[in-house]
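The domain 'Electron transfer flavoprotein alpha/beta-subunit N-terminal' feature in TrEMBL is assigned to B:2-181. Positions annotated as FAD binding site by TrEMBL: B:ARG201, B:226-227, B:240-244, B:257-264, B:ASN278.
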Amino acid sequence: MKFIAVLRQVPDNEAKLKIEGGQVSLGGVTLILDGMDEWAVEEVIRLKEAHGGEAVVMALGPERFEEALRTALAMGADRAVHLVAEGYVDPISQAQHLAETIREEAPTLVFTGGQQADWDSQALGPALAEALGWPVVTWTTQLELEGETQAKAKHDLDEGAELVRVPLPAVFTSQQGLNEPRYPTLPGIMKAKKKELRKVPLSVQSKVEVLEQTIQERQRLNQVIDGSKDPVAAANQLIRLLHEEAKVI
Amino acid sequence: MILVILDHDGSHLRKGALEAIARARQLSSLGNLAGLVIGENLGAVAEEARNYLPTVYTAEVGSYTPERWAAAAYAAVQKSGAQVVVVASSRQSRTWTARLALKMNAALLEDTLESSTDGSRVLASRYSFLNRVTEKQAAHLPVVLTAKPNTTPPAEPQGQGGIEALTVEQPGAQVEVLERVAEQKKGVSLSEATVVVTGGRGLGSAEAFAGVEALASVLGGAVGATRAVVDAGWRPYGEQVGQTGKTVQPSVYIALGVSGAVQHQAGMNKSKYIVAVNKDAEAPIFKITDYGVVGDVHQVLPALLEAAKKLKD
Ligand SMILES: Cc1cc2nc3c(=O)[nH]c(=O)nc-3n(C[C@H](O)[C@H](O)[C@H](O)COP(=O)(O)OP(=O)(O)OC[C@H]3O[C@@H](n4cnc5c(N)ncnc54)[C@H](O)[C@@H]3O)c2cc1C
Ligand SMILES: Nc1ncnc2c1ncn2[C@@H]1O[C@H](COP(=O)(O)O)[C@@H](O)[C@H]1O
């Protein structure tokens, strides 16, 4: 069987973002494998360990994405395919291009993150499914293969959850609770350097143009009340401020 | 033509549907409006919908799967010739609209805060980078657009439209639902609450949430939770706020024993006022608070509850 995870490289959660010329500038920012994609990578490695076959990682993005692919290889993926495209490419166009390569690979299933930590998009998984003509299960918290042609999965809804049976091949997107990703080990990192990482240059026309990015942080009042000595007085003051000053209660 | 796909609960249109109609009306220079309701036994919702739109399509396809909803929406797009589709944003709609955008070879503008047109393109703004960045996007038609809840005043009734049933071919490979686990909801819905009181790991136990529930109830708000709390099994996942939980934007967000990790902030950083109680003055949450109390939540929360009760009496 063959299991594919599609991933992105995104700014580290703690990174301070800057805007330059109306666009987010990632210069000097630590970039990491997207946390939700990490669950997807872990899942395909586990599937391969349990059922045999191959765990392949794939990405569409700029040169720098290679680092995130190497991280996934160091975790235990067998090989990587990198569709190299610079600049912003919207998720629908990404799906159209990735689908061609995925179809050639003919995998058992594809896994990707539930929401991208840079573009806050949830579209890639379902758009891939559409491009491939497969069903999709989003926000997956549990997955169990039933042979090679179907799987049982649990996934989150807007409210509550659902147990579904899904014919394979299918696309799944990750949600917290799916697994606990492993850390790359030193031998894993050494081995990853020798694993196959195929690059395919791509030129893609994005369907969406990003005109301007801004960071509009609300000015916060940052008023601090010491509640360590007299918690009752602090609580009274807070309730008064919320009622009289902010007028929100 | 602009197609609005109307979310409903089986008997009534949801608030999101009326907001989506309002969004579609803002784009009316791009074409006439039509609505679509998808599901089963759609008579009542179609009757309600015709009070808002000149044409209402119905697609009786059964219960929800992303494949069915996308197929139904695409049937209405082909029938109406729509070049713009507007839908209320939810996890569910963000799944099937991505499928629809691909069928239409359309641009997808996800979870937008506002939208307009310059005559040939649709312009929209939305949050990105875990809710930290606001970005303006533009796309040529065709466009599929999802509208973030509570960003547009709901539409008022207007005219009296006709109803037309569509035939939709069932999609091939699709998910089969074996079991749906509904979370029992009590009180105000988290996504729509104007006051949210969230407890974090600092509360120390599931039992300590009795105080959180009491405070939320006195203030007419909803209870939220951090992932640490949900992982510990103290609260249901449906209450989780953040990157992998819900996004809320209340008038006041009260965080009790919450450190304020970026993934948590992603779900609440746009709240009008942010309040925190934390014993650690260096906790990251204090960087984004309007009013912060440095202290032990076990002492401050009971006092807050008393003061709130007094205020509301
Ligand atoms: C991909 C990904 C997605 C995630 N998504 C989410 C998400 O959607 N939502 C979410 O919340 N998290 C999410 N997280 C987890 C997030 O990173 C944090 O781990 C989590 O928010 C921490 O929860 P917490 O603040 O309750 O706990 P902690 O970080 O442990 O903070 C507890 C706080 O309580 C304070 N405290 C302790 N005792 C007391 C006391 N007696 N009185 C007052 N204060 C006290 C402490 O000082 C501390 O600041 C995600 C993580 C990842 C990797
Ligand atoms: N959420 C986003 N939506 C659209 N464009 C983005 C987004 N985030 C980053 N970009 C831009 O995409 C361009 C290419 O970035 P990169 O792919 O990181 O090299 C830069 O101009 C980024 O600012």
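Glycine too: its Cβ is placed from the backbone N, Cα and C atoms.
Just so you know, TrEMBL annotations are computer predictions that nobody has curated.
Structure coloured by features recorded in TrEMBL.
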residue  : record           : DSSP (3 states)
B:ARG201 : FAD binding site : helix
B:GLN240 : FAD binding site : strand
B:VAL258 : FAD binding site : coil
B:HIS264 : FAD binding site : helix
> For the domain 'Electron transfer flavoprotein alpha/beta-subunit N-terminal' (B:2-181), what is the mean per-residue pLDDT, to the nearest integer?
Replying inline: 96
> Counting other CB atoms within 10 A of each CB, which of the binding-site residues B:ARG201, B:HIS264 comes out lowest?
Replying inline: B:ARG201
> Given binding-site residues B:ARG201, B:VAL258, B:HIS264, which are under 8 Å from chain A when comparing Cβ atoms?
Replying inline: none
> Residues with Cβ closer than 8 Å to the Cβ of B:VAL258 (FAD binding site), same chain and 6+ apart in sequence?
Replying inline: B:THR198, B:GLY199, B:GLY200, B:ARG201, B:GLY202, B:THR226, B:HIS264, B:ALA276, B:ASN278, B:ALA283, B:ILE285
> What residues, ordered by sequence, lie under 8 A Cβ-to-Cβ from B:GLN240 (FAD binding site) and sit at least six positions away in the same chain?
Replying inline: B:GLY224, B:ALA225, B:THR226, B:ARG227, B:VAL229, B:VAL230, B:LYS246, B:GLY267
>> Within a 10 Å radius of its Cβ, which of these binding-site residues (B:GLN243, B:ALA261) has the fewest neighbouring Cβ atoms?
In response: B:ALA261
